[in-house]
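S.K.: Here it is, the structure in full.
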Amino acid sequence: MGQVLPLVTRQGDRIAIVSGLRTPFARQATAFHGIPAVDLGKMVVGELLARSEIPAEVIEQLVFGQVVQMPEAPNIAREIVLGTGMNVHTDAYSVSRACATSFQAVANVAESLMAGTIRAGIAGGADSSSVLPIGVSKKLARVLVDVNKARTMSQRLKLFSRLRLRDLMPVPPAVAEYSTGLRMGDTAEQMAKTYGITREQQDALAHRSHQRAAQAWSDGKLKEEVMTAFIPPYKQPLVEDNNIRGNSSLADYAKLRPAFDRKHGTVTAANSTPLTDGAAAVILMTESRAKELGLVPLGYLRSYAFTAIDVWQDMLFGPAWSTPLALERAGLTMSDLTLIDMHEAFAAQTLANIQLLGSERFAREVLGRAHATGEVDDSKFNVLGGSIAYGHPFAATGARMITQTLHELRRRGGGFGLVTACAAGGLGAAMVLEAE
């Protein structure tokens, strides 16, 4: 066991997570069609503050993230402060760590709490796959800049005459890694082939995710942590996530064709997480501040870790790398955990990470550790379903996982929970949570 790193303030206070909330998650171009991420962020933070009944002036910092950036609102965090009635002097800045963005936001607020610069803050993220920054070609962009500097109409017309019809076509946001040109699904296919993850195994995990998420909603387990969203023109509210297929059968998954490697692939739209719109946020404060305000925390942040690996091959192994580090810093092992919640970007990626967490060879030869991190107990793993079912608004997923895990830990009488995710760029994140 390596060095334990307690997450406490100089006064010995633990980092308390006192409340968490999210919007329902909606598939791209459905319920939240036309609503930008900044509005989703305002929606969830405003409701979170209203439900918590914490005076706005108590919140000293807001750290928020957005992966699909909109040029007109580059600092989503500050726009949320200004648009929710929070104290105008509240410090606010934005972060981005791809699919682990709200993990990063939580870590940043925790670090401010430990440094003593604040006593309470909000962390979270929002993304919209329905409101996208549609760009223009590089040639058109250059011409537009030059036209802006041209002094006469003839100069402007001459510049425009250089353009061809193809130069006027809109350019959608990139779906591939900037450094490699690989799509996430291509990497998932790599992992499936390298580690022998079959189509049947992937479909089974996806089906399990949907069934458990549907059961969680049916049992009323999510009602406290998911707000009702009222959407213009306000005819019908969105109450639940609209991606969950509770009535599907395993046979339904087998009907879909591969989405990335059309000829030999096993990754399909059904065993991958869909493009999604939504927002989520949590309130963090020092343990003593929570006591002063008479608040009972959902739980505490015990440790966190971020890692990075090469992007050319199997880059979605973030959980396999970050989990042992987070556990080490918490002074725990896999067997100490009550719950394990892993982001399901793809069923193939999830199953490959589970495989490596239990691999002695990977631990010795790749991580340089004496023993495997540990086998993942299925009875503890993604017990309420995962991202394949709920959806994945990139910057919001981490806050969803944290809130969901803490509520479930409390229902079980407390314990330790691990939340972990892969992210674009070969990044990984893991956090250990504690509930009493």
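Every residue, even glycine, has its Cβ placed from backbone N, Cα and C.
Summarising the annotation, Swiss-Prot assigns active site, acyl-thioester intermediate to Cys99. The feature active site, proton acceptor is assigned by Swiss-Prot to His392, Cys422.
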S.K.: Among the active-site residues Cys99, Cys422, which residue has the largest number of other Cβ atoms within 10 Å of its own Cβ?
M.R.: Cys422
S.K.: Return only the integer: C-alpha distance in Å from His392 (active site, proton acceptor) to Cys422 (active site, proton acceptor).
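M.R.: The Cα atom of His392 (active site, proton acceptor) is 12 Å away from the Cα atom of Cys422 (active site, proton acceptor).
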S.K.: Measuring Cα to Cα, how many angstrom lie between Cys422 (active site, proton acceptor) and Cys99 (active site, acyl-thioester intermediate)?
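M.R.: Their Cα atoms are separated by 7 Å.
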S.K.: Just to be sure I understand the packing, how many Cβ atoms besides its own are within 10 Å of the Cβ of His392 (active site, proton acceptor)?
M.R.: 26
